[in-house]
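Visitor: Below is the structure I would like to discuss, written out as structure tokens.
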Amino acid sequence: MTKADLIVGIQWGDEGKGKIVDMLSQNYDVVCRSGGGHNAGHTIWVDGMRYALHLVPSGILHKNIINIIGNGVVVNPEVLISEMAQFDHLEGRFFISDRAHLNLAHHSLIDQAKERLKGDKAIGTTGKGIGPAYSDKISRSGHRVGELLDPKALCESLMKDFESNKPYFDALSIEIPPKDKILADLVRFKDVLAPFITNTTELLWRAMDDNKKVLLEGAQGTLLDIDHGTYPYVTSSNTVSAGACTGLGLSPKSIGKVIGIIKAYSTRVGNGAFPTEDLGSDGENLCEIGKEFGTTTGRKRRCGWLDVVGIKYSSRLNGVDTYALMKLDVLDGFKNVKICKAYEYKGEVIDYFPSDLQNATPIYEELEGWDSINGIKKYEDLPLNARKYIERIEELTGVKIGFISTSPERNDTIVR
């Protein structure tokens, strides 16, 4: 039986996982998504064409690869159907777990209403209903994708839920659509999605028993993990490597190589602690050059320098074997670049990631910048200062950088 390799984001998401998954997936037979929902987004550039994926695994761009949405994902059928429409001939190469939970229209309404009520204490969620969908799952009142196969029964169950929760919906000023509209939507979802709904855990086990090569595609980033991230400014699922096991039905022994994706600088969407955020011209330049606007929301990302303390923390949580360093070309032309190698925290210098990160101040090491690396494909062709930056990251983290992205294009990647 083969083991599954895993790609996981090491920062606050948006590291560039999609490009690496797309590049590596041609070497695999199966690509799986294990958690999150359409709040996550991968942007992939192929031959000048931009693909924005939110639920469908990135392996979908390769027609000989099986793609699986696992039980740990919360699935918005409307979004999924829209995304599937971009691709031809999905039968036999795309599957959705019947155990995955549904993220329906009322979940988004709840999400947005609760954020409004929080005012300046808002988390900064995407408003896509992810938290409420996971809340229903954990409180054992959610509904699963497999229930779409009987839309009438699902509709009746939903109407009972809405009736029992009417005071809650009224308090949030949420108006539930009429029953006939809900049923019509559920029937439409079933008509499109039924051929793809199956027991994906068994499907995955059979593939691994047959020695098929499997790649697990992480969503978002480790520092957004519900347990290990910067709580409460986190997502509602486990984004660490262990979450891939529960989100697909795999044992920890099933995991092979873990590839950690790190961006050459740091970004964050929404609120929460961000020690290396740069509010000056460097931060603005990183945002503009890196086109740091959310794939899902279009929101401008907060930008700053690389935080090695957070990277080391995430790497231990995930058992990272090697890194892929993304968007190194965005640093082209900076006179100097910075790496945060420690924090000043409550009068001490620390090199660990505290639970109250808002009280940490970065301690920087400054390195000389470099000219353009755009499109370079050999490590020895990189400017000396770019190589020094890469090697300093390796020294500080103790992990080798095996992949280096030098442009958004799939083929502009150095493999070491």
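Backbone N, Cα and C atoms are what each Cβ position is placed from, and that goes for glycine too.
The feature GTP binding site is assigned by Swiss-Prot to 13-19, 41-43, Arg301, 327-329, 405-407. As annotated by Swiss-Prot, IMP binding site applies to Asp14, Glu15, Gly16, Lys17, Asn39, Ala40, Gly41, His42, Thr126, Arg140, Gln220, Thr235, Arg299. Under the heading Mg(2+) binding site, Swiss-Prot lists Asp14, Gly41, citing sequence analysis as support. What Swiss-Prot lists as active site, proton acceptor is Asp14, and the listing cites sequence analysis. Annotated active site, proton donor per Swiss-Prot: His42, in sequence order. Among the features that Swiss-Prot reports, substrate binding site is placed at Thr295, Thr296, Thr297, Gly298, Arg299, Lys300, Arg301.
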Visitor: Would you measure the largest Cα separation among Asp14, Glu15, Gly16, Lys17, Asn39, Ala40, Gly41, His42, Thr126, Arg140, Gln220, Thr235, Arg299 for the IMP site and round it to whole Å?
Guide: 34
Visitor: Should any of the binding-site residues Asp14, Gly298, Lys300, Arg301 have a Cα within 10 Å of the Cα of Thr43 (GTP binding site), which are they?
Guide: Asp14
Visitor: Just to verify a number: CA distance, Leu328 (GTP binding site) to Asp14 (IMP binding site), in angstrom, no decimals.
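Guide: Leu328 (GTP binding site) and Asp14 (IMP binding site) have their Cα atoms 14 Å apart.
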Visitor: Looking at Cβ-Cβ distances, which residues of the chain lie under 8 angstroms from Arg301 (substrate binding site) while being 6 or more apart from it?
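Guide: The list for Arg301 (substrate binding site) reads Asp14, Thr267, Arg268, Val269, Cys287, Glu292, Phe293, Gly294, given in order along the sequence.
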Visitor: Judged by the number of other CB atoms within 10 angstroms, which among Lys19, His42, Lys300 is the least packed of the recorded positions?
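Guide: With the recorded positions Lys19, His42, Lys300, fewest surrounding Cβ atoms within 10 Å: Lys300.
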Visitor: List the binding-site residues among Lys19, Lys300, Thr406 whose C-alpha is within 10 Å of the C-alpha of Gly41 (IMP binding site), in sequence order, or say none.
Guide: none
Visitor: List, in sequence order, those binding-site residues among Thr126, Gly298, Arg299, Lys300, Thr406 whose Cα sits within 10 Å of the Cα of His42 (active site, proton donor).
Guide: none
Visitor: If you measure C-alpha to C-alpha, which of Asn39, Thr126, Gln220 (binding-site residues) come within 10 angstroms of Gly13 (GTP binding site)?
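Guide: Final answer, ordered: Gln220.
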Visitor: In whole Å, how far does the CA atom of Gly298 (substrate binding site) lie from that of Gly16 (GTP binding site)?
Guide: 16
Visitor: Output the one of Gly13, Gly16, Gly41 that, of all these binding-site residues, has the highest number of other Cβ atoms within 10 Å of its Cβ.
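Guide: Ranked by Cβ atoms within 10 Å, first place goes to Gly13.
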Visitor: Name the secondary structure element type, per DSSP in three states, that contains Lys300 (substrate binding site).
Guide: strand
Visitor: Of the binding-site residues Gly16, Lys19, Thr406, which one has its Cα closest to the Cα of Arg299 (IMP binding site)?
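Guide: Looking at Cα distances from Arg299 (IMP binding site), the smallest one goes to Gly16.
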Visitor: Measuring Cα to Cα, how many angstrom lie between Asn39 (IMP binding site) and Thr406 (GTP binding site)?
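Guide: Each residue's Cα considered, Asn39 (IMP binding site) and Thr406 (GTP binding site) end up 27 Å apart.
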Visitor: Which residues, sitting 6 or more apart from Thr406 (GTP binding site) on the same chain, put a CB under 8 Å from its CB?
Guide: Leu328, Asp329, Ile373, Asn374, Gly375, Ile376, Lys377, Asp412, Thr413, Ile414
Visitor: Between the binding-site residues Thr126, Gln220, Gly298, Arg299, Leu328, whose Cβ has more other Cβ atoms within 10 Å than any of the rest?
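Guide: Comparing the binding-site residues Thr126, Gln220, Gly298, Arg299, Leu328, the most crowded Cβ belongs to Gln220.
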